[in-house]
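To keep things clear, I will list the structure first and then write my remarks on it.
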Amino acid sequence: MAEEFDVIVIGAGPGGYVAAIRAAQNGLKVACVESRETLGGTCLNVGCIPSKALLHASELYAHAADGSLAKFGVETAGVKLNLNAMLDEKLAAVKGLTDGIAFLFKKNKVTWLKGRARFTGKSTVDVGGTAYTAKSIVIATGSSVTPLPGVEIDQKVVVDSTGALSLPKVPKHLVVIGGGVIGLELGSVWMRLGAKVTVVEYLDQILPGMDGDVRKDMARLLKKQGMEFRTSTKVTGVKVAKGTAAVTVEPAAGGTAETLEADAVLVSIGRRPNTEGLDLDKAGVVPNARGQIEVGHKFETAVDGIYAIGDVTPGPMLAHKAEDEGLAVADFLAGRVGYVNHDVIPAVVYTMPEAASVGKTEEELKAAGVAVNVGKFPFAGNSRAKTNRDTDGFVKVIADAATDRVLGVHIVGSLAGTMIAQAAQAMEFGASSEDIALTCHAHPTHSEALKEAAMAVEGKAIHV
Ligand code: FAD
Ligand code: NAI
């Protein structure tokens with residue numbers, strides 16, 4: 001007889017592990033299947049956490065090494081990079097967090113089934129030759145790197161994001177294919193450590209999907225830091241010989257090809273959902289044309305008793321989206337009401353400065369014919385940013401012209417990723433720009449720039 005659970009969650013990333021823990025908190029008997037050696041999925045093992053560890057460490061190094069601390073009276077000399085120590089520190093951060101999830105599983109009595117799950121029926125899965133059944137099965141298998149046809153990832157010279165988190169030495173020239181989030185974040189890491197970085201982007205601008213002002217300012221600021229951009233350009237092939245890559249590029253619209261020599265190439269052109277090997281057909285689940293599993297508002301698939309959350313479903317591929325869906329599906333499974341507002345999911349690019357966004361972009365609203373008022377405030381007018389000498393960037397608040405309801409907030413700034421939470425909360429509460437403008441913000445903080453941008457919607461910011 002197969003062991004029976006109330007819920008089996010497949011995948012222990014931020015979607016799956018959160019769903020499993022919340023379902024157990026809700027009194028259900030829960031198992032979570034994970035094939036990695038450690039819990040936490042892409043995010044904790046090879047995604048959010050190790051990349052942020054390296055972004056933090058490389059920023060400390062860059063500040064210490066480039067002499068920019070001298071104006072604060074901090075003089076550094078003989079600063080040396082110990083890359084092995086930096087990579088070890090990253091691994092320690094990852095281990096601390098992945099071990100933490102194992103502890104939380106034990107604490108909440110979630111059974112970790114180690115191995116790969118595949119469906120053998122609508123309510124049965126096989127893990128390493130053993131059958132398990134459940135009333136409800138949640139697919140939270142996440143995503144993996146989209147390959148670029150004709151470009152072989154060897155994880156030595158041509159790497160994906162996982163390889164780029166562990167390069168054994170700083171490349172002289174790193175070519176990044178794809179000017180999206182991964183390309184800019186990991187490109188920043190290696191640029192700060194001394195690499196020349198060239199980003200090849202197919203579209204005419206980096207960071208597709210973000211607000212136009214953010215895209216423009218980020219390109220300008222990263223260029224100022226030394227990052228080179230080849231936009232409207234496509235890679236047609238990469239040839240590796242003796243540890244060197246010859247990257248052939250040509251204009252996206254076609255034209256004369258040229259070759260870029262590099263000692264490392266990062267392929268970061270997007271991610272695709274993980275459904276291979278799940279034997280979804282045995283359960284009757286059919287992915288859409290993009291390989292995603294479509295769900296309804298309770299995260300239910302077209303098959304009774306089977307649910308899906310996180311990167312394997314449509315929508316932004318973000319850890320916090322997956323987590324919130326994990327909480328919501330576990331509440332639905334316990335007969336409660338789960339809630340995720342997919343219109344208010346913040347997105348952050350953790351470069352320096354950071355770029356953060358929530359709600360609609362000005363371009364999306366224009367295309368939809370919505371009349372808006374826009375308030376913009378530069379950090380150059382914010383006293384704390386001026387004092388800290390980190391005045392790059394701005395806050396932009398977009399409000400409905402008829403109702404003043406905030407429809408989008410977009411920030412470029414050193415603390416943009418933290419500041420965007422306030423904007424998301426305001427939007428979740430249906431705030432107007434006037435509500436934000438009338439909220440008392442502590443002085444001196446970067447957050448005052450959000451208040452001023454809200455005041456600018458009416459044309460009445462003070463410090464510009
Ligand atoms: P995943 O985290 O991908 O987890 C799915 C898990 O399922 C995996 O561990 C996998 O081994 C397991 N699995 C798959 N199939 C099976 C099977 N058949 N049986 C058993 N187990 C299986 N997002 C952010 O919000 N902020 C960031 O800063 C950020 N940084 C990132 C940096 C990088 C370099 C990358 C690659 C991604 C980053 N992301 C970030 C995206 C984030 O990692 C994902 O959105 C998030 O991990 C999705 O969670 P998930 O639970 O849907 O899937
Ligand atoms: P992405 O979708 O952010 O960017 C891919 C870029 O590659 C796009 O600009 C696209 O136009 C370009 N591109 C596509 N094909 C190309 C080609 N053939 N040649 C040149 N350019 C090409 O994908 P990325 O950066 O790989 O990240 C994957 C996902 O991981 C993102 O969707 C994001 O949600 C998630 N992520 C989130 C992070 C965060 O929240 N801070 C950090 C890292 C990843």
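A Cβ is built for glycine as well, from the same backbone N, Cα and C atoms used for every other residue.
Straight from TrEMBL, the features:
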DOMAIN    5-326  domain 'FAD/NAD(P)-binding'
DISULFID  Cys43-Cys48  disulfide bond
BINDING   Lys52, Thr141, Gly142, Ser143, Asp311, Met317, Leu318, Ala319, His320  FAD binding site
BINDING   Gly178, Gly179, Gly180, Val181, Ile182, Gly183, Leu184, Glu185, Glu201, Gly270  NAD(+) binding site
DOMAIN    345-454  domain 'Pyridine nucleotide-disulphide oxidoreductase dimerisation'
ACT_SITE  His443  active site, proton acceptor
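A map of TrEMBL features onto the structure.
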{"residue": "Cys43", "record": "disulfide bond", "DSSP (3 states)": "helix"}
{"residue": "Lys52", "record": "FAD binding site", "DSSP (3 states)": "helix"}
{"residue": "Gly142", "record": "FAD binding site", "DSSP (3 states)": "coil"}
{"residue": "Gly178", "record": "NAD(+) binding site", "DSSP (3 states)": "coil"}
{"residue": "Glu201", "record": "NAD(+) binding site", "DSSP (3 states)": "coil"}
{"residue": "Asp311", "record": "FAD binding site", "DSSP (3 states)": "helix"}
{"residue": "Leu318", "record": "FAD binding site", "DSSP (3 states)": "coil"}
{"residue": "His443", "record": "active site, proton acceptor", "DSSP (3 states)": "coil"}
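Maximum intra-site Cα distance, FAD binding residues Lys52, Thr141, Gly142, Ser143, Asp311, Met317, Leu318, Ala319, His320: 22 Å. Among the recorded positions Cys43, Cys48, Gly142, Gly180, Ile182, Leu318, the residues whose Cβ sits under 6 Å from any atom of ligand 1 are Cys43, Cys48, Gly142, Ile182, Leu318.
A 10 Å cutoff on Cβ-Cβ distances gives His443 (active site, proton acceptor) a total of 10 other Cβ atoms nearby, all chains included. A separation of roughly 17 Å, to the nearest angstrom, links the Cα atoms of His320 (FAD binding site) and Ile182 (NAD(+) binding site). Checked against ligand 2, the recorded positions Cys43, Lys52, Gly178, Gly180, Glu201 give Gly178, Gly180, Glu201 in sequence order as having a Cβ less than 6 Å away from one of its atoms. Per-residue pLDDT, averaged along the domain 'Pyridine nucleotide-disulphide oxidoreductase dimerisation' (345-454), amounts to 98 for this model. Checking Cα-Cα distances from Cys48 (disulfide bond) against the recorded positions (Gly142, Gly180, Leu184, Glu201, Asp311, His443) with a 10 Å cut-off leaves nothing; none qualify. Cα spacing between Gly178 (NAD(+) binding site) and Asp311 (FAD binding site): 19 Å, rounded to the nearest whole number.
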